[in-house]
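Following: one structure in structure tokens, then a few remarks.
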Amino acid sequence: MKAASTGPVLAAPYFLWLMAAFAAPLGAVALLSVQESSELFAPLSLNPSAIQYLDLATDPFSRRTILRTLALGACVTLASAILGYPIALWLTRLPPGWRPLGFACVLVPLLTNVVVRSLGIILLLAPGGLVSNALALLGLPRVNLLFGWFAVGLALTQVFLPYMVLALYDVLEAQEKRLAEAAAGLGAGPVVTFFRVTLPLSLQGLRAGVVIVFLLSSTAYVSATLVGGRQVMVSGMVVLKEGLEILNYPAASALAMVMLAASVLVTFLIGRAIGFATPWIAARPPRRLPSMPRVLVALLETIGPAVSRILLAIALLLLLFPLVLVAVSSFNNSPQATVAQWLGFTWRWYAAVLDNDRYLADAWVSLKLGLAATVVSLAIALPAALALVRGTFPGREALSAFFMLPLALPGIAIGLGMLRLLQWFTALPAFLGILAVHVVLVAPFMLAMLRASVAALDRGLEEAASGLGAPPWRVFLRIVLPQLAPGIAVACLIGFLISFGEVTVTAFLTTARLQTLPVRLYAEASFSLENTINAISTAFILLTVALLLLMHRLVPLDRVWRR
Amino acid sequence: MTSTTRRLLLGAGAAAPFAFVRSAVAQIRRGDELTVGVWGGMQERILREFVATPLEQQHGVKINFVLGGTPERRARAYAERGRPSFDIVYLNIFESRQAVRDGVTQAPTDRVANAANLYPVAKLGGYGVAFNPVTIVYDRRAVASPMTSWKDFWRPDLRGKVIWPTYPGAQGTAALLMAAKIWGGSENDIDPAFRQIAALKPFAAIQGSQDQLYTMFDQQVGAASVEFGSFTRAYAESRNPNIVIADPVEGQAIATNVACITVGTQKQALAEAWINLHLSPECQRAYAERIYYSPTIRNLTLPADLTAKLVMGEEAVSKLVDFDWDVVIRNQPRWSSRFTREIAG
């Protein structure tokens, strides 16, 4: 079989990159987690000790934290899926002229700094905020939704929902539109069509979205810190506290390793579940679904469209409303970014941004880094995606799990590992060093998205081209690549955005001469969050909209996004 | 062969007495670069104006700022012990003293001329550049009567309205130690503090930074907390006139921002010149006027209305509540773990 021999070759660049830039810090973290002594300057021991893991296992607080973090990740993933489908379907049904606007609704939040979006959630949920006021207007008691698990869950959903939408859109757009028509012709209403046709056929995209959202939300800590009021303890925060504040690397490393193991397990289970639900991919006989009572079907068909529209409205509001608050705040004449009340209109935060050439210099570094990381990641992830989807070589599943590992390890843990390797690491030119790590952080996302696109390819076309005498490279250029183009575009966009906004690991690696914009914002936020952050974010929002409009003029977006 | 020679040379350099190394770094040369790890915001702006720009103009050197919070900076300085990429790191009172003991940063010396004007308490574990005492701050609308004692947190009218600071961190450390002190304990007997703080539960919230606290005050999430008087005064004057900075009878807890020269820096003279400028009356005046940082030097007089808002003069400085930081540092991991489990979790 050709794929069997080329698979390992195609996967090799990705594998080698991970070995060089990921396995080393991971190894450092693994080694630290089996140290017996938590003394800061104790020499590294090669005698493994299970004491750190025993401490974790016997400590009810740690167990509770890990379980709660995983549960939070699961809830955020579920909420993202429920809200993601209406948006993704809405995007596929938008008339081409409106589609750039629709995409802006998803991409613009993604581009906005996580810190600022969390602030939007704070303004939304605060005791004197909009939700509370709305409840009071309805005659219900005022509630403080802020500083608790609900607020953290909502903030995380706001932050990660766009990833789910983009993953779903990619497969939904590729779906044969006539299938829905056929279902309707056979008497199925929209709800039945969704559950019996659209959903099963989009499960590969759902898998990509679920994996990304789950792993990101179960390792996130910025939103939890900001809107959880420090009373919501998630594993990432505990790793941060043990590692950075207490400088107890062994304990932090052990917790990071446990989180890694849990994430890998969950990713594996998600893969198995989706595999079970899509027997046709492995050419197994289809499963017969139990039929629903007619009354229930009729009821669902009646309320379905309304529910779907409400969900769409909630999802769009959740995505956009915090940004509106950010934009409004950027004109607020108050020194700090978190001020809820309006103190007067001013342009001065924009003047302050333009007046500060350091912001522009840092933005330029972030831009170069984001572009370079995207190009390198695409170059290694695309062959790897082809190898993983089509290859039949032994160890493919293990390789697939290894490739997604960087996603599962909390950024803070990679930072910890990097701290230990800092002397070795800083021997590299600063830009290359950060690039190496950014590729590690970006490539798994792109791989997850590209895998879904490759899996959705129509192999019949390739076979036809081969049958007509096209050599493999021409089949790839003329048949495969054009079909993959939308998936590649989306993957690159996400890759760029992740690199552009990355803070947790980059903060350890930036030097005085090479600083990225998010790290600067984060640095300013850790001292005092000045309103310039809102001005910068608003400028980015406008820039994104402008870029999308420009793209639309040069290459009509409807043709780029539609296969 | 080359690498062996280089290693030998490096080894010799590390083993050489400090005076020997110093001769190579004791003078400022044009083109030298100084890397300073410091907080951002107004502090960075004042340092650029009063320290970085004069040095750059006078000596033809370049100053690089690495902005960020204390934990990242400290973690990195520790990871790079002996071969630092930072020449100066800014730490708080307990971290700076520990860093000196751990061989990460240098103890202060008389080579920094302006250090002669420092209060003795600001010359431990580095060069104190600002007193930034931690005290009770509260919303006057949400309390039955003014808060004048640390014990007031336990008053019935504040039940469920206290915003406690997270531990560790300057505010959380001060709050924990003051609680121990007023409830019959001390840094050597911390149990009363944990017991009493746990009795305050449920908290309106736990706060992790001044920004977070001010947001909470804006939103009227709670009534009172423990915070730096300096930032809170600026906040109260610019945004929320209902906020009061209390002066409790038991005193305000000492906290300082400390400039620390790293062990192994190649820019010793430039680093000392930096700190000398930071301790100049001009820079200290800007600190006091713009962010209400109390000066750590004795040779500065300020207008009476400004002095009233600061901790100034031997008497006021000596009233700041100090602690045995060795004990505090030694217990930090245990207390942190206890705080997470018994208070925040």
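Cβ atoms are placed via backbone N, Cα and C, with glycine included.
Taken verbatim from TrEMBL:
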type     : residues  : note
DOMAIN   : A:66-270  : domain 'ABC transmembrane type-1'
DOMAIN   : A:363-551 : domain 'ABC transmembrane type-1'
TRANSMEM : A:14-34   : transmembrane segment
TRANSMEM : A:70-91   : transmembrane segment
TRANSMEM : A:121-140 : transmembrane segment
TRANSMEM : A:146-169 : transmembrane segment
TRANSMEM : A:206-229 : transmembrane segment
TRANSMEM : A:249-274 : transmembrane segment
TRANSMEM : A:295-328 : transmembrane segment
TRANSMEM : A:369-389 : transmembrane segment
TRANSMEM : A:401-422 : transmembrane segment
TRANSMEM : A:428-450 : transmembrane segment
TRANSMEM : A:484-512 : transmembrane segment
TRANSMEM : A:532-555 : transmembrane segment
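Here the transmembrane segment (A:369-389) touches the transmembrane segment (A:428-450). Their Cβ atoms form 3 or more pairs under 8 Å, with each pair 6 or more residues apart.
Counted as Cβ pairs under 8 Å, contacts with the transmembrane segment (A:401-422) are highest for A:14-34 among A:14-34, A:70-91, A:121-140, A:249-274, A:295-328.
Packing against the transmembrane segment (A:249-274) from elsewhere in the chain are residues 29-30, 32-38, 40, 52-53, 55-56, 62, 66, 69-70, 73, 203-204, 206-207, 210-211, 214-215, 218-219, 235-236, 238-240, 242-243, 401, 404-405, 407-410, 412-413, 416, 420: each is 6 or more residues past its ends and has a CB under 8 Å from a CB in it. For the transmembrane segment (A:295-328), the most Cβ-contacting stretch among A:14-34, A:121-140, A:146-169, A:206-229 is A:146-169 (pairs under 8 Å). The stretch from A:14-34, A:70-91, A:121-140, A:206-229 that makes the most Cβ contacts under 8 Å with the transmembrane segment (A:146-169) is A:206-229.
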